[in-house]
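Here is the structure we will look at.
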Amino acid sequence: MRLISPELLTTLDLTHVQYRPDDPYGAYLALVTLAPVLILTSYVAVFLVRREVVYLNALLGQVVTEIVNGKLKRYIKQARPTEFLGLGYGMPSSHAQFCGFFVVFWTCHLLFHRPDRKARMSHHVDSFVFVLLIWLFGVLTCYSRVHLYYHTSLQVLVGGTIGSIIGALYYAATEAFVRAAPAGSVVHSARHFFYTNSLSRALHLRDGGMAWEDAGAAAEYATWFSKMTASPGGILTNGSLACHVRMMLLALTQADDCDAVKGAFSVGCAIAVPALQLADPEAPIESLHDVEPRALTTGFSREFPGNTHAEECAIEKLARYCVRTPGGQGGAAIDMARSRAPIRLLLYTTMEPCSERLSGNKPCVARILETNAQPMYTTCKWLAKLAASIPENAGVSPVAADDLLRPVRIDVVLQGVPEPDDFVKCVGQRTLRMHGIHVVTVTPESSPSAIGVSLPNLASVPIAIDTQQPTGWLREACLCMARKGHKDA
Ligand SMILES: [Zn+2]
């Protein structure tokens, strides 16, 4: 009994590629011609890792294109250039149709899906490079079908054209149209339901483009970069410590002092130095006792004349003080100081430092980076004197190491709340992290009484404690404070 023999077998057309052994390009083009199989497996692999629904959608689109191709072939009934290469009819080429869809779908995606039209130049450049590569790949695959005698040029041309048209229509209908649907429409609600139902959430299904201009790649990279380089921060960057909460409350009382205006946030800021930095700038900060922040300067929105920001005012005050450091004016002394370990400072702000200002003034992120790039120079003794003069540090006498001139560096930015998108889209945290500054959102572990901090009396925004959510009070207070005076006319 013969269960199997050569004449009973057939070939899976997509994977069976033959070429002339004396053709120098034959083997390479045979590999290229396998592209559809590689692309289909890539879709599945990338989807499993990223959970971005667009890959699943593209896979579905490719399957639809293949079904259309099969029907067209059986309808047109045009033979292939040879009888022995390839199975079935040749018009239109299914490889070319597959590639046409692939190339056009992803070109549209790379060029049009970004909700942020003002995306940075680098994004346009990398989109352009990827589009170019995709087209090269598509054209080469189509060419391989003719070169290997599987199709005539016309069959490839027709296939490519039909695939491209399906790709464009499919992208428009399933991606562009769905993404652009206005809030309240059926499509918008359906999409919302699709992403928020419990199954989708369990599978972590997402459309990164809804939240970020680059599907989150830059935000993810910044988080990764900050974690990878976070080693010296340690305890300094633990945002739930009560000492950080206390300093944030000091910043909040500053914001309480500022006059509310409609077109801007009300923010407070405090710059502090960890106790140990004054006593020994080179010692690693390892315990809670080492952190104890000593306030140096404070600031609030519009404190200095003009449209000034809280961080700007606090940094300016520190600069004015440092400039008066005894013996700190000479060029030679500063040259010597350049190589010394910096005095690492903590900057507390009730809201994420701004990365863009509608007024065109220099954003706080740029000021912070500038402070580190062209540092001020001072001594521990001089800073300790400043700390001793601040009422918030009453009761502790700062111990200063010496009067050696050193650069100061803002090492950690501690924020009360990320900037909401009321005026501009803020990328402050991300930018600071990319420059090696730790950014921490101060989040108390529990209610004020439970963590042992007493609340200040704020005139403009009372701090409310929600017993259901006892960790959200600081965040809420910072946000309400920032928006004070924005609601009523
Ligand atoms: Zn600012």
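Heads up, the Cβ atoms here are built off N, Cα and C, so glycines get one too.
Annotated in TrEMBL:
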type	residues	note
TRANSMEM	28-49	transmembrane segment
DOMAIN	55-171	domain 'Phosphatidic acid phosphatase type 2/haloperoxidase'
TRANSMEM	95-113	transmembrane segment
TRANSMEM	125-146	transmembrane segment
TRANSMEM	152-173	transmembrane segment
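Taking pairs at least six residues apart, the transmembrane segment (28-49) and the transmembrane segment (125-146) share three or more Cβ pairs below 8 Å and count as touching. Mean pLDDT, taken over the domain 'Phosphatidic acid phosphatase type 2/haloperoxidase' (55-171), works out to 84 on the 0 to 100 scale. For the domain 'Phosphatidic acid phosphatase type 2/haloperoxidase' (55-171), DSSP puts the residue distribution at 87 helix, 0 strand, 30 coil.
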